[in-house]
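The following features are taken from TrEMBL:
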- 1-102: domain 'Ketosynthase family 3 (KS3)' (DOMAIN)
- 569-840: domain 'PKS/mFAS DH' (DOMAIN)
- 569-693: region 'N-terminal hotdog fold' (REGION)
- HIS601: active site, proton acceptor (ACT_SITE)
- 705-840: region 'C-terminal hotdog fold' (REGION)
- ASP765: active site, proton donor (ACT_SITE)
Amino acid sequence: MLATYGQGRAEPLWLGSVKSNMGHTQAAAGVAGVIKMVLAMRHEVLPATLHVDEPSPHVDWSAGAVSLLTQPRPWPADGHVRRAGVSSFGISGTNAHVIVEAVPSEQSREVGPRPVVVPWVVSAKSDAALCAQAARLAGYLRAHDGLDVADVGWSLAGRSMFEHRAVVVGGDRDRLLAGLDELSGGAAVSVVRGTATPAGKTVFVFPGQGSQWIGMGVELLDTAPVFAQQIEACGEAFAEFVDWSLTDVLRGAPGAPGLDRVDVVQPVLFAVMVSLAELWKSIGVRPDAVIGHSQGEIAAAYVAGALSLRDAAKVVTLRSALLTGLAGPGGMVSLACGAEQAQELLAPFGSRISIAAVNGPSAVVVSGEVAALEELIQVCAGRELRTRRIEVDYASHSAEVEAIQDQLVAALAGIEPRSSRTVFFSSITGNRLDTASLDADYWYRNIRQTVQFEQAVRSACTNGYRTFIESSPHPALIAGIEDTATDCAPDSEPVVVPTLGREDGGLDRFLLSAASAFVSGVQVDWRGVLDGSRFVELPTYAFEKRRFWLSGEGMGADASGLGLTAGQHALLGAVVELPASGGVVLTGRLSISSQAWLADHAVSGVVVFPGTGFVELAIRAGDEVGCPVVEELTLRTPLLLPASGSVALQVIVGAATESAERSVSVYSRADVDAGSVWVCHAEGTLRAGTVEPAADLSVWPPAGATAVAVSDGYQRLAERGYGYGPAFRGLTAMWARGDELFAEVRLPEAAGGVTGFGLHPALLDAALHTAVMANPDAELVLPFSWQRVSLHASGASAVRVRIAPAGPSAVSVELADDLGLPVLSVAAMVARPVSEQQLRAVLSGAGPDRLFEVIWSPATATSTDAPASYRVFECAAAVDDPVTATYERTHHALAAVQPWLAEHASGVLLMVTRGAVALPGEDVTDLAGAAVWGWCGQPKPKTPAG
């Protein structure tokens, strides 16, 4: 800092540390500093750094203009930019530095027209968090009913967007709040909701004639300025070529021509489609490519930048005017079939009917003589092939168009197409085309040749385009696009979005379409429809309060690199074969840092490795030697897991006996040093074969069983000493039928998934909770022995459970999947009571260091010769307040001891306290004395300079 920030400054760089307030921040390193500086900016004060009176002499402070903040200093927002650098020296060893700058003071906003329809955008990292976020927001807005709905929308739109998304669209507060309520309840009837995936590149699609309807665009003329401005520009461009007003036609003004005229409907459709494209652009959705269908190619060319607005207006108006001369003898029909079948159907008709357009794998349009089309419709009816007449009185894309070729080419001779940056997929060639070739001859071929729309979509898909937005007043090509894109890439679902709908052409409809694109992954800048709005404070993210422990991935190693076989199990890293005996050893390591879910299995406050974990280890060992049945397994000693560090694990399988059985035992050792003692926790026998399920669980819920409430079951278990955290709270439903118990169990997300397990211990453990909950007055028990355990299927994350008596003190356990297929069978399981004292005794005896005990030893006065001289310092505090007393006592002791140490470097310093130190089970009664004792216990007590 001295060499960088401290150079060339008139005023010093002020230096402070948040560590003086709270000590080492560990995983919060840097965040605390950011919070501190944000608050400093808000309160316009640089806070002092505590516990320092003067700079350290070990730093050359003259090397730059850097000064310590030993006193608070004003930091006013007086027009200067206020910045702060925050350094993070974090838990990972990474050093990071960020610069925080104060937000400029808010300027008074101009009050203009407020949006008539507002989108409220909500996103989260999961579906549950999305619902919680909606509920949190709704509650806050009801409590702050003075907030402007557009300001709320603006503020929500500026947040980070996560993959789970929803958009509520409304014109008033009540409708928007109702949408939030619906979302918070998990529904999505009037709310657009989805999960975003990378949407890829975007294509704007412009259909031909057929998407028009009377009244289209009128609402947007009054509510969407961007749309209205583009319509106005199109009307001015048309004025050179037509004698009617575009806005009069749209609004249905008296005397305006109708949309039944081809020379009116096609220019009007062009204007509406390009104006809708501008509306999409205004919210940040821009095309990477365009595709046009028949006359829609004119709009595509203009939006891509290949034609000027005047040239595009010229093409669409003159082209459609010439089509009026063809009216009468021709028509068009849509067939629900592919191109090959269409060619087969048309073969008998010769040149009387042509394929006008191929819109998709099962969508073809034909054109030709009206009489021939009627015959074709009858043929298709006989084959039960669906047809639809298209409301036109001419046969475009057929030989009939050749009559206007010379006139059209001559009329459009003066246009000046240019190459565009936006990719243009031609529906004449079906491939990408340089738009500089969109000359007069191209536009004749556009109306004469078959529209290869399906091929154009396939070309787009092949080139990585997966998002298609149809910019039209009513969707005409959506089905064909979806069918073609899905057929082209079955493993990648396309995003296909319309813009407006017939009789549904307002701003709210447009925003709902934008919402559909947004929740699918398209980037949308919602602030484009919220001009004039400002930021307001809203509730922060609805965190789910799940724990994210450090993964501990570094604990694993490549077993093959050590000459071992990989353990192929989540808890076992390697397998070693013993050549002399034929036995096998499986090794692993357990720790709460790497297997965080284990911390959620506590009994009487002690973290205990679950008994079901020993069963899982035994099953894995049996699989290794071809003995999948655990004939018997008895738990000798609980395996208690330390809060830090790890435990080495070994599963030892003996040699096969004459009866083909093998012994199995599980050992652990505190992973601290080689002197640790191996402890046997479980012993048993493995054999070949299987155990037949004792019950059929295919009928569910079980007939004749009575439901048992489990909503507060884990709370009641906690009161009895079972400390099950989120990873072990998998019991979701329970029934009883006589002395049988049934349950549904699902592996919680906190358990980390089923990968690497035959049957996750947390899932089997939760199954056993059924029996514990059913006996609320029973003692605290843990599994003691298991007999004839057989795993039928691995990887289960949800199971059905049956527990039934299997003797005086044993129960049988059956697990099945959602279809009732067997997962695990246990012929008999016995549990035994365990007390907190027993667990504490095991804990105190674990590891070599626990062989020693700290006790008080009486001090007896001796008659040895006293030193030649000695001094006694009494360090007492004059106040009873513990905080003040600690401050006074430590400073008094420091002031007394430092000079004495300087004079007597070889002297003996003895510190005597009372109530400052306590053994386990005792209380520290002198907090101030404890501080002095701790300071003096250092090898070299620190001074302010040290």
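Cβ from N, Cα, C; glycine included.
Just so you know, TrEMBL annotations never went through curation; they're auto-generated.
Break the region 'C-terminal hotdog fold' (705-840) down by DSSP state and the numbers are 32 helix, 58 strand, 46 coil.
When the region 'N-terminal hotdog fold' (569-693) is classified with DSSP, helix, strand and coil residues number 20 helix, 50 strand, 55 coil. Across the range of the domain 'Ketosynthase family 3 (KS3)' (1-102), the DSSP-based residue counts are 23 helix, 24 strand, 55 coil. Sequence-distant neighbours of HIS601 (active site, proton acceptor) (same chain, 6+ apart, CB under 8 A from its CB) are VAL607, VAL608, PHE609, PRO610, GLY723, TYR724, GLY725, ALA727, PHE728, ALA762, ASP765. Neighbours of ASP765 (active site, proton donor), defined as other CB atoms within 10 A of its CB across all chains, total 24.
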